[in-house]
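Taken from TrEMBL as is:
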TRANSMEM  B:15-36  transmembrane segment
DOMAIN    B:17-437  domain 'DUF112'
TRANSMEM  B:43-71  transmembrane segment
TRANSMEM  B:111-132  transmembrane segment
TRANSMEM  B:144-161  transmembrane segment
TRANSMEM  B:167-185  transmembrane segment
TRANSMEM  B:197-217  transmembrane segment
TRANSMEM  B:257-280  transmembrane segment
TRANSMEM  B:313-337  transmembrane segment
TRANSMEM  B:353-376  transmembrane segment
TRANSMEM  B:388-417  transmembrane segment
TRANSMEM  B:429-446  transmembrane segment
TRANSMEM  B:467-485  transmembrane segment
Amino acid sequence: MTQFTRRGLIASIAAASAAGTLSRESFAQAAYPSRPLTLVVPWGAGGGTDATARIVGALLEKDFGQPVNVVNRTGGSGVVGHSAIATAAPDGYTIGMVTVEITMMHHQGLTELKPTSYAPLALMNEDPPGVQVKGDSPYKTVKDLADAIKAAPAGKFKASGTGQGGIWHLALIGWLQAMGLKPDHVAWVPSNGAAPAMQDLAAGGIDIVTCSVPEGRAMIDAGRAKSLAIMAAERNPMFKDVPTLNEALGINYSVGAWRGIAGPKGLPADVQARLVAGLKKAYESKEFTDFMTNRGFGIKWADPQAFAAFMEDGDQKMGAAMKAAGLAKA
Amino acid sequence: MDALSAAFVLVADPYVLWVVLASSLFGMFVGAMPGLTATMATALLVPVTFFMPPVPALAAIVSATTMAIFAGDIPAAMLRMPGTPASAAYTDESYAMARKGQLDLNLGTNLVFSVVGGLFGVAVLIVAAPLLAEIALNFSSYEYFWLAALGLSCAVLIATLDPLKGFVSLLLGLAIGTIGIDPAAGFPRFTFGTVELMQGISFIPAMIGLFAISEILRSSVAMEGGFEAVEGKVGSIFKGIGAVARRYWFNVLRGSVIGTVIGALPGAGADIAAWISYAVSKRFSKEPEKFGTGHLEGIVDATSANNSALGGAWIPALVFGIPGDSITAIVIGVLYMKNMNPGPMVFIQNPQFIYAVFLIFILANLLMLPLGWAAIKSAKVILRTPRNVLVPLILIFCVVGSYAMTNSIYGVVVMLAMGIAGWLLEENGFPVAPIILGLVLGEMFEQNFMTSMIKSDGSFLAFFERPIAGVLGGLTVAVWGLFAYKAVRGLSGLRAATA
């Protein structure tokens with residue numbers, strides 16, 4: 001954190017003195033970006049989204065030669081930060097990291113904001129959900145667990161991983177529906193995120209946590225939890241021993257938490273092109289790939305058009321799933 | 001052991017040592033200035049720690065508060081004005097000693113036994129916190145529910161002199177805590193359709209307002225220059241301390257134990273610890289008639305107690321995320337900011353940071369001897385600082401700090417609103433500390449209740465089924481029983497008085 005800040009400070013001093021040497025006229029006409037950028041993050045400092053935003057910010061800073069300040073605007077289940085990105089001036093100096101919640105919150109009636117409220121720039125990451133159980137759980141494979149769930153009465157098994165109607169809740173619902181069960185066959189216990197849910201799992205308060213495997217890593221490494229499967233098309237190279245649902249159960253269901261960069265609607269075309277080029281360069285850099293794979297985070301690229309289509313598709317799927325589960329506001 | 005050596009490396013960083021020294025000097029100054037409290041020192045450090053890595057950030061808070069609690073004893077003896085509320089219990093006693101010409105002995109005793117008490121509290125923290133964390137790893141929402149209930153109940157029982165007003169403050173805090181997105185169902189409450197209110201009342205800006213802005217308002221009502229009339233002349237302060245230690249060693253031990261326990265109880269901090277241990281000292285003294293005439297005995301108890309309370313308060317804060325006092329309430333916010341979410345997991349994920357905090361605590365308490373001596377020697381100069389320079393500086397720090405917490409003007413608005421509310425409340429005898437406890441514990445209380453009910457399919461019995469939950473539940477019900485008993489006795493006493 002300090003590193004970025006100090007570098008930002010030095011860079012802004014350098015930029016200020018450089019600007020001083022230019023004539024007023026050439027400064028006014030200087031190509032974008034001619035001053036520091038703000039990258040808004042709707043989630044707290046230190047989390048996975050924050051870490052991803054900070055590495056992207058640092059790489060953009062190198063490319064643009066302008067400081068990129070990462071600003072956390074947290075709270076309100078992500079509404080506060082997402083709103084700050086959408087309502088910023090569309091000059092390219094305020095952009096932000098939008099997350100999967102933008103395709104979900106408006107179905108719940110929390111906000112009017114939806115994917116079309118933004119100028120999409122790039123998709124950078126996607127993480128599939130996992131299926132975690134307690135370290136000393138009797139279920140050795142995801143098949144054991146699935147059989148036990150099917151045999152048990154509705155509501156006996158309790159699962160957690162995020163708040164009510166959050167992405168990991170929908171992952172559970174999707175998995176249950178793929179097995180031909182009702183969305184509430186396993187009861188959802190809302191939590192303040194993946195870490196408290198994993199702690200409650202280890203303490204024996206709940207049976208299953210459907211967060212992504214990297215989020216559960218600390219408890220898994222400590223031997224207090226184990227991951228039985230991931231809901232993705234392929235295994236995660238960082239967690240090679242964890243099979244996919246398709247391998248274990250023949251269920252081809254996958255949904256993921258994703259993170260991308262977007263700006264407010266109405267960005268000038270040249271500014272947008274410059275941002276996308278910078279993001280593409282950052283995405284392809286060795287620093288970014290190393291950083292993400294070391295943490296077990298998935299990487300996934302989409303340019304503005306593809307990102308918009310990706311969000312639109314996700315928005316419809318989420319809407320349908322939330323309606324089926326009774327989570328959508330009519 | 002790897003974590004311990006990693007912690008040594010973290011602490012030995014020249015940057016960290018520099019931070020410890022700088023914040024110690026800052027803490028000495030804030031503590032010695034009447035009207036500026038240790039909690040305020042912590043609140044003022046928030047914007048500074050925002051730009052630091054975790055270890056120096058925590059080092060700054062630990063060192064500043066350790067020094068501030070001792071430094072509050074200096075103006076107590078010299079001016080009959082406690083530097084912080086933690087010295088209020090024995091201010092009159094200290095001043096009476098100074099009038100008798102025993103200023104040196106008084107300040108020496110305060111310094112040496114503050115160090116001893118501080119080290120005792122840290123020792124308990126070092127031993128108890130990791131053990132409790134191991135147990136807490138098996139805590140589910142039932143146990144956390146009872147812990148939150150116990151914390152809220154204790155706040156009313158011991159943390160205030162007027163339980164009824166304390167209870168009103170606590171309910172106010174709980175009410176403010178319901179603003180924002182409901183932790184269980186994700187439904188927005190009391191937001192009036194505004195996006196900013198969906199994040200709730202951010203509690204660090206609220207704390208800065210309640211503890212710093214309200215104090216600024218109070219002092220600007222009675223603005224004055226520095227303090228001129230300093231009593232007596234300081235000589236050799238360490239003379240005769242050995243004799244005091246031999247005579248009152250048991251008082252030191254008793255004060256330290258009481259201080260640590262009260263520090264660890266939610267809601268009560270160094271100030272309550274000093275009041276209670278002073279009262280205990282008087283109650284069990286062989287010569288209680290000497291108390292109040294400039295007698296050293298009670299001071300030894302209380303000055304050990306208020307410094308040991310600091311370490312004690314970190315135990316529930318680190319292990320359960322429940323603040324032991326108002327300082328650690330801010331610490332919890334800083335921990336979240338640094339991604340060291342308090343709770344048993346931090347002992348597994350980042351044990352080196354926890355050990356680093358322990359080492360800094362020891363270091364700060366040892367550093368207190370030379371710095372405290374220097375502060376006593378230069379007290380006259382420090383106390384001459386004009387308040388009309390100090391107060392605007394504090395205001396700037398308050399604004400910057402609350403802006404930094406939310407990255408928007410919203411934090412500043414919350415801070416100012418809570419500051420005015422806090423001032424009005426305190427002027428009318430309502431304590432502000434229970435508001436913070438309600439704000440911090442309210443969400444924990446509600447969320448763990450809701451998730452427990454979902455898990456147990458609506459059965460209340462589940463709250464007593466797990467063994468630890470059962471014990472905690474029994475304890476909480478016993479505390480409530482004590483309330484009821486006191487209320488009934490109070491009523492019958494009232495009836496007897498009016499009859």
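Each Cβ is built from the backbone N, Cα and C atoms, and glycine gets one as well.
The transmembrane segment (B:111-132) makes no contact with the transmembrane segment (B:429-446): fewer than 3 of their CB pairs lie within 8 A, with pairs spaced 6 or more apart in sequence. If one looks beyond the transmembrane segment (B:15-36) by at least 6 residues along the same chain, the residues whose Cβ comes under 8 Å of a Cβ in the stretch are 44-45, 52, 55-56, 59-61, 63-72, 74-75, 79, 81-84, 215, 218-219, 227, 360, 363-364, 367-368, 371-372, 375, 379, 382-383, 385, 387, 390, 394. The stretches the transmembrane segment (B:353-376) and the transmembrane segment (B:43-71) meet in space: the count of Cβ pairs below 8 angstroms, excluding pairs fewer than 6 apart in sequence, reaches at least three.
For the transmembrane segment (B:467-485), the list of distant contacts is 135, 138-140, 142-143, 145-147, 149-150, 153-154, 156-157: same-chain residues at least six beyond its ends, Cβ to Cβ under 8 Å. Outside the transmembrane segment (B:197-217) by six or more residues, the chain places 35-37, 39-40, 43-44, 46, 176-177, 179-181, 188, 190-191, 326, 329-330, 333, 391, 394-395, 397-398, 401-402, 405-406, 410-412, 414-423, 426, 432, 435-436, 439-440, 443 with a CB less than 8 A from a CB of the stretch. Among the stretches B:167-185, B:313-337, B:388-417, the one making the largest number of Cβ pairs under 8 Å with the transmembrane segment (B:257-280) is B:313-337. In the predicted structure, the domain 'DUF112' (B:17-437) carries a mean pLDDT of 88.
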